[in-house]
Every structure is written in structure tokens, then in C-alpha cells.
Amino acid sequence: MAMFERHRLAPLPLALLLVLLLGCQHVLQAAASADDDDDDNVLHIGGIFPIRGEGGWQGGQACEPAANLALEDVNNRRDLLPGFKLKLHWNDSECEPGLGASVMYNLVYNQPQKLLLLAGCSTVCTTVAEAAKMWNLVVLCYGASSPALSDRNRFPTLFRTHPSATVHNPTRIKLMEKFGWSRVAILQQAEEVFISTVEDLEARCKVAGIEIVTRQSFLSEPTDAVRNLRRQDARIIVGLFYVVAARRVLCEVFKQGLYGKQYVWFFIGWYEDNWFEQNLERESIDCTAEQMRMAAEGHLTTEALMWNQNKEETTISKMTSEDFRLRLNEVLSKKYDIANKRYPEGYQEAPLAYDAVWSVALAFNKTMSKLLKHGKTLKNFTYTNKEIADEIYSAMNSTRFLGVSGGVAFSSQGDRIALTQIEQVINGSYVNLGYYDTQADNLTWANKERWIGGKVPRRDRTCPGPSGAFQRVPWGRGHVAMWSISSLGIVAAIGLIIFNIWYRHRRVIQSSHPVCNTIMLVGVITCLWSVFLLGLDGQFVSPGVYPLVCQARVWLLSIGFTLAYGAMFSKVWRVHRLTTHNKPDTKKVEPWKLYTMVTGLLLIDLVLLMTWQLYDPLQRSIEEFPLEEPNNTDDDVKIRPQLEHCESEKHTVWLGVIYGYKGVVLVFGLFLAYETRSIKVKQINDSRYVGMSIYNVVVLCLITAPVTLVIASQQDAVFAFVALAVIFCCFLSMALIFVPKVIEVIRHPSDHAESKYNPDIGSKEDEEKYRKIVQENSELQRLIAEKEDKIRALKQRLQEREAGRGGGGGGGGGGTTEGLLHTGAGYKDSLIVADLITDAGTSDSAFGGGLSVHTRSSRASTSDLEFSESYL
């Protein structure tokens, strides 16, 4: 595709030029009328060809000979422009806009009068097309790809057989999507054509979700810009520059090592096939041809089709594209070494110049037909005749034909509509990889691409979605095992619910409160369902559905825990109440109190979860990790792993509230289970197994919750750990509570033998005996306290009597006193014994008739007993 050179000459202000030139217009037109042209049957057109300039696109070297071939063929056709011939007046613009403007003014104001202008090189076409509207001249550009030329308001009379440079961008995007490249860099020359092309590319990349990591530009020396690409560690690079600058860029690419299996370069496809080996000495390129070939190997190019790909198809000129190539080579071989493939610049665009002349001839032919109806011809055209100018514009706009460059047609912006060709340098030569139809979004691919290293290069970036950057729970045995076990648990829980309902009349079921058991099993099923959601991540659900999965996990696990653990907690709480209160109203367990406790815990859950979801719902968040070397490739690439999380803005606060509330219930349940660990009551016959289940749940929860917080960045470990904890809790709880009941029902089909064999059911006598022992213990404590009071009183009276007798006796009272002391000792013991016997006889009733107490002091005699009784 033909392009254009950077500005070297500052063009004169366009407005000033127009004022001066328009002021002279009437003088020149008068001169034109005076200087009558002898050949009235000649239609004159002006041509501007870039040929001898330095830098830029000097495509006129091949396009001017191609245009002359077209003039020869058109003028040889008798059915085209009957009675007239086309003649081309041209000059060299050197791809300089200032010089191009000068050439245009000379063509316009020098005889003969021109009907249309041909131009090449985008910078020149921009200047010419913007000014030509002042003379009602249509401009046809055979070599101009600047996207700015698509502006109909700015260039109202412009057409071009060369497609816009923006036609490459959809093709580049398509290739990036095909090979999975989502991070690219751009290196451009500071020219308007490339600036506008890059702006269009950036907009398309944004829509396609492709990141542009850096955009480097240079004016003439690309060294620093290429070095910056290396600093940015770019891998996929789009280069937009003229061919002279392209050789400097490629040499610097070799020096910086930005080539090989780690890199992919996109270059413009309208360079000559051997552009990277030509003019190295003349342009002072500090690289050898071999080094340039090494750096160019594997790069991709995109270009609009400029040669008809069907080499056997006859075009409007009665030639095939191959016939035209042979004729053009014959003409060019007079000045260039075509035999050794030393083609002049613009060789690729030569068919566009050839077809441009045919477009002019066809448009003039159609215009003449319309003018003849009004008695006019094209020779009546003047620069002030807008009527004929509009006819020429209309005819050009509707031109359709098959040329040597393919189908020729123009869009509403005057742009050429064409397919895009994709090529790759393989072993130093360009190989056609396929074609892309932008309008139909159809990519035709030949699968001929070859990559250095044998595989498509990757890029140094975080790999997105399906390409493996996200850390996933590895699909396979882990998922199958956990989901299979959970499914078995759900089936087992449903079976136990049926068993619980079917045998609800049996005492072994009835005394364990079957409704509470059913609530627990429903909670188990809910918890096991949450295991299925724990294994779902981005490989199963889209980012839009992921927040719903996050919320469903929390709801199922929290409510399932409350139902299962709450049912067990209410049972052990009632057992504790029965064993610590002696009031008659606590001897009977009312089921509604158990259900009320579970309902209360469930309501707290619902309030917390609803508040969380309404005010701060869980969302999908991405955690990024440092760059890592991939394990399964030797490419010079790094991967930035990413991990999906379920998080809200105040996630830590909500987790603290939920864990705090559940933790209090767990600790309190553990305390109650420990207090009632050895107690069996008839009203709740499975209290011991419930307590064991609570131990299991508490221990696993206290381990799982903090561990999952610590290993949150290891998604496979979190899934396995939480899933196993949930499954183990559910299965063990079901086994502890229901296996003894199932065994009892199987071993004893009838209900009569249950109390005899079921260890959970205590006898009525044992319970009554326990209660009586408790009452007797209290009564004995009271009696002992009373006897101690009596003993203290007797000791005090004995001391008083002893003191009275000692004061009234005399010397002869010694014997009497000693006897009294002896008698007093016996008296004390006898008194105690007598009291105990009396009380023992009274307390027989307290022991239920089956228990009697006989107590006698070893030092008491019959006289002592008689004395005690007479004393009392």
C-alpha cells in the first residue's frame, strides 16, 4: 500500500495562495481562450508523481509507467470516449506537500485546461485535494492511504484507488484475537498518516479488549523508541513507518535483540518484497543484509490487495493481472534490474495507478453520455462550471469494474473497497497466509504460518480467562470425588428422613424428638449442597453469574449449619435444663420449646444475611500475584496469576459478625455437651450421641474457619479443606444420631423389647431411686445440722452442772466428783445414741422403708440408755 513522506517544506499558507491565484484566474482563462488548442478531441488530465525525492514514498517510479500503459490501452479502445483521447500532463512532487502544491498550480494555470487531477503520496494528496475544490476539480489518488482523507467535509471531491490505512486495523485485530495476543505495543513515525492510523487502531483495540502497553514515536532516528520497547518488555509490536525508516527500525531491532521466537512484528505490506535488503549502503544502515534478514524473519504484514488474485481472470483491459505484470516488467526493465527482482518503489501500487486511469476514462465516458443529451461535451468544462464538475463526481462515485488490482469501487467517503492480504516472511521470502474481508468479517486462512521455535509466541503479561492465567480448582478427581460423596450424603439424608417419619411411632424414635431429627437432616442436605457451589469458579460460570454463586454459597452453608447444629443444640440445652432443676414443670420436655430455639437461631441468620446482601453484597474480585515463570514452556514469557474471590467492601466486618455469632453458639453448645456428658434422660434418649456430634462440629469448625482464612490464596486447598470438613461433619453427625436407632429397629422389629435392649432407655425404678437419693441427701444434711446444735447445747449444760457441783462439795466430795465425771462421760454417749435411735426410727420413712439405720455406742450400757431416756 502506498504511503507518503514526512513534511520537509512548510507549504505556503493555503488561504494566501488561493487569494493570489484566484486573482489571476480570469487573466489565465482569458489567455486560455486566446490560445486555442489545436487538438479539440483531446481530454487533458493532470498528474502528480513522487519519483526523485529522499525519504517518504517515491512510488511514482513504478506508478507513472503504469499510468502511461493505461493511457495507451484506453486510447486504443474505440468503444471508450468515442472521438476523444486522454492525455496526461505530469510532474514530480518528490512526496513533498509544498512542491506538490506548486506542481498542482502549474498544472491548473498552464494550458491546456485539465479536467481532473491524479496524485500520489498522502501528504501531497492532502494538500492537492483540499485546494482542488476551489477549481471544481475531482482528485483521484492512486497512492494515498491516510485515514484523514476519508473526511468528506474536508475533501469533497476526492476519490482514491488506494484503500485507507485504517483497512489494516481490523485485520490486525483479527489476527491478535486468532493467536490470543491481548497486549501490544505500537512504534510509529511522526507523520499524520500514521498518527491517524494509530488513533483508529487504539479505538479498535479498546473495543476488542486489547491492551496497548506503550506507544512510541520517532521523527527520523528510531534508536531511543526501540530501546523503550525493550524496557517495556513488549512482545507483540505494530510498526507504522515509511520504508526508509523501516530499514533503520529493523537494524535497531537486531541490535536490541527484539526478534526471534519471543517477538512478533507487524509491518506495513506495501513495501517491496526485498525491502530489508535494499539500499543499506546508500542509506548508511549499520547492519549487514544477513542481520537484516535475521531480524525480519517471521514478521507479519497486512496490505490491501493491489493485484487481482485470480491470475486467469480477464479484466476490463482484456488482460489478466499476470499479463499486466509482464508488460510492466518489460517497461521497467529498461531502467531497473527486474530480472533479479530489483523493483522500483511503488511496484506494488502500480496496478492502482493503472486502474486509476481506467476509472477516469469510464467516468468521463459516462459523463459524456449525459452531457450529449443537453448538447454539451467535456470540452465545455471550465474551473467555474460546477454543473459539469458534479456530473464528473457522480460518474466517478458510481464507477464499478474489474481491474488488474481487483474489483474497483468507491465507498461514500471515496475510499477503495478491498480485501486485506496477510503475509509472513518465512526463510527470507513473503508467504501468503490468508485474506480478510472487513465488510463480511470473513477470515480465509491457509494455515501456512511458521513460528520460530515451533509455537505461537506468547506475551509477557497476565494471561486472561480461558488462556490459563486464573488459578482454578483443577477439574478432575477432586471435583468428582467431592461431588459424588456429597450426592451420596444427600441421598442418605433423604433416606433417614423417610426412616424417621416411617418409624415415628417407635419409642426409640419418639423419645428422640423426630421433628428435631428431621430439621437436622434438612440442614445436612443444605450443607452438602453448598459443596457443589464451592467447586464452581470461572471455568464453569461467567463473571456475571459468579456473584450469585458467591451469595448462594454463604446462604446455603449458613442456613444449613443453623438447621443442623441448632437442632442438636436445642436438645442438649433441654437435657441440661432437666438435670439442673427439680421443679415439676421441668420433668416434661415440650417440643415447641425445641422448635422455638431453632427458629430463633434461624431468624438471626436471616437478618444478618439479608442485611449483608442488601447493603454490601458479595461481588467477584480479582487478586493478582507477582509474575511467575510458566512450568510448561521454554518461551521467554511470564505469567501473572490471578485468583477470583467472593468479597464485599466490608468483607472482614461481615465475616467477624457471622463468625462471632456462630462461635458463641458453638462454645455454648460445647459447654452444655460437656456438662451433660454422662447423663441419660428418658425424655431425650439420644442426648449422649448429640453431645458427641456437637464435639465433632465444634472441633472441625474451630479448625476450618481460621485455616481457610490463612490459605485463601490457594483455591484448590480451600475447596478440598472446606468440602472435606462439611462432608465429615454431616456424615459423622448422621452416623452418631441415627445408626443406633436404625440398628435398634432392625434388631427389634416390635416396640415391646426396646426398653430391655436399648441402652438409651433407663428404667423407671432407676430414675425414681435417683430422685429419692437426692432428696434423702438434702434431708440427712438437715438432720446432721440439728444434731450438732443439740450436742453443743448438751455440752454447755454439762459444763454448767459440773461447775455447780464442784462449788458445793468440800473435801469429802472428791470421790463423788470422780464418779460423776465417769458417769457423765457415759451419760454424754448415751444421750447421743438415744437421740440417734429416736431419729433413725423417724427417718426410716425417708429411706423408703427398705433402708433402716441402727446405731449404738460401744461405750454405752443399758443403764446409760435408761438414764438418757429418763433425762430427755
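Backbone N, Cα and C atoms are what each Cβ position is placed from, and that goes for glycine too.
Within the set 234-253, 554-573, the record from TrEMBL flags 554-573 under the feature transmembrane segment. For the transmembrane segment (515-534), same-chain residues at least 6 beyond its ends with a Cβ under 8 Å from one of its own Cβ atoms are 482-483, 486, 489-490, 493-494, 496-497, 500-501, 509, 549, 552-553, 556-557, 559-568, 570-571, 591, 594-595, 598, 719, 722-723, 726-727, 729-730, 733-734, 737-738. Long-range contacts of the transmembrane segment (694-712) within its own chain (CB-CB distance under 8 A, at least 6 residues past either end) are made by residues 564-565, 568-569, 572, 645, 659, 662, 666-667, 669-670, 672-673, 718, 721-722, 725, 728-729, 732-733, 736. Cβ atoms under 8 Å from those of the transmembrane segment (554-573) belong to residues 513, 516-517, 519-530, 533, 593-595, 597-598, 601-602, 605-606, 609, 612, 618, 646, 658, 662, 665-666, 668-669, 672-673, 676, 684, 686-687, 690-691, 693-694, 697, 726, 730, 733, 737 of the same chain, restricted to positions at least 6 beyond its ends. Sequence-distant contacts of the transmembrane segment (653-674), counting only residues of its own chain at least 6 positions beyond either end whose CB sits under 8 Å from a CB of the stretch, comprise 558, 561, 565-566, 568-569, 572-573, 575-576, 601, 604, 608, 612, 616, 690-692, 694-695, 697-698, 701-702, 705.
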